[in-house]
Amino acid sequence: MQPNKPLVVALMGPTASGKTELAIDIAKKINSNIHNIDSRQIYIDMDIGTAKPTAVQQSQVNHFLIDICLPSKPINLHDFQSIAKTSIERDLEKKGLTLLVGGSGLYLQALIGGLNPPAVPPQKFLRDQLKKIDKAERHKLLKLCDPFSAQRIHPEDSIRIIRALEVFYATGRMFSKAKNMRPTPWRVLELGLNPENLTSRIQLRTREMYKKGLVEETGDLINKYGNNLQLLKTIGYGEARSMINGKINYEEALEITIKRTCQLAKRQKTWFRNKHNSKWLNDENALPEALASIYEFLG
């Protein structure tokens with residue numbers, strides 16, 4: 001299939017909605033590659049806790065933007081946008097279409113919504129000072145500087161909170177307002193997946209993560225990158241680390257992870273509803289509906 005004009009199909013939806021499996025099925029049918037737009041699957045050594053496509057799944061369809069950087073060297077939105085656009089444009093030149101998959105709304109908007117994030121380099125001294133502040137106080141500070149970003153960013157997400165404050169202090173502008181919009185050079189078809197049984201899917205997937213070795217993977221990350229790795233504060237890894245450190249037991253870790261994941265899914269659904277104009281797919285007929293939309297879009 002070689003459409004006349006480049007087409008980007010973006011499959012979005014909350015965590016645990018089944019995007020990975022559906023994306024692979026779609027990609028096989030339309031002979032496309034997949035670009036990962038998940039803010040944590042870009043990191044090496046973070047597999048189980050991010051629900052990264054397995055080696056078998058990745059062997060079925062080419063996946064890009066997975067395992068592109070070390071957890072000890074996190075990248076910001078501007079850096080990701082630059083890397084991702086280069087990869088996507090290269091793929092479009094060869095195939096004429098590609099498939100983006102992810103639940104990270106801001107990352108998706110940076111690629112398909114024309115978002116142009118501020119190119120503010122890391123401010124080491126400022127970051128060091130902000131890291132000394134208690135995370136609750138840090139989030140309160142963000143509320144004062146940038147209420148919209150504070151509402152969108154979870155209080156536990158230290159990386160994004162520090163980045164938003166960094167942009168504010170470096171430019172004098174709110175991170176949420178410092179993003180100019182520019183048109184995307186591609187045709188874009190947005191498809192959404194939001195199954196009715198999402199809560200039970202989250203519960204099942206979280207239990208599977210722990211059974212597959214989330215705690216062991218977290219221990220390996222601690223041994224390799226240190227106990228203070230910022231990404232170890234994210235969902236799943238934060239609870240597993242607390243369990244390793246003897247602060248909570250297995251059942252508590254499981255329960256908190258499920259709760260935090262459900263909260264994330266709620267925020268993701270709100271974002272997609274407010275920021276995107278997706279065609280939402282029926283869970284039972286997602287594949288044929290997706291293919292029909294793609295073929296109709298291609299004409």
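The backbone N, Cα and C atoms fix where each Cβ goes, and this holds for glycine too.
Feature annotation (Swiss-Prot): of 38-41, 102-105, 282-285, the stretch labelled region 'Interaction with substrate tRNA' is 38-41. Each of the binding-site residues Gly13, Pro14, Gly18 was scored by other CB atoms within 10 A of its CB, and the lowest score goes to Gly18.
Residues in the region 'Interaction with substrate tRNA' (38-41) partition by DSSP class (helix H, G, I; strand E, B; coil) as 0 helix, 0 strand, 4 coil. Its Cβ placed at the centre, Ser104 (site 'Interaction with substrate tRNA') has 21 other Cβ atoms within 10 Å. The ATP site is defined by Gly13, Pro14, Thr15, Ala16, Ser17, Gly18, Lys19, Thr20, and by the 8 Å test on Cβ atoms against their centroid, the other residues of the chain that qualify are Gly103, Leu193, Pro195, Leu198, Arg201. Highlighted in sequence order, Gly13, Pro14, Glu21, Ala51, Gly103, Leu193, Arg201 have their Cβ within 8 Å of the centre of the Cβ atoms of Thr15, Ala16, Ser17, Gly18, Lys19, Thr20, the residues recorded for substrate, and are not part of that set. Per-residue pLDDT, averaged along the region 'Interaction with substrate tRNA' (38-41), amounts to 95 for this model.
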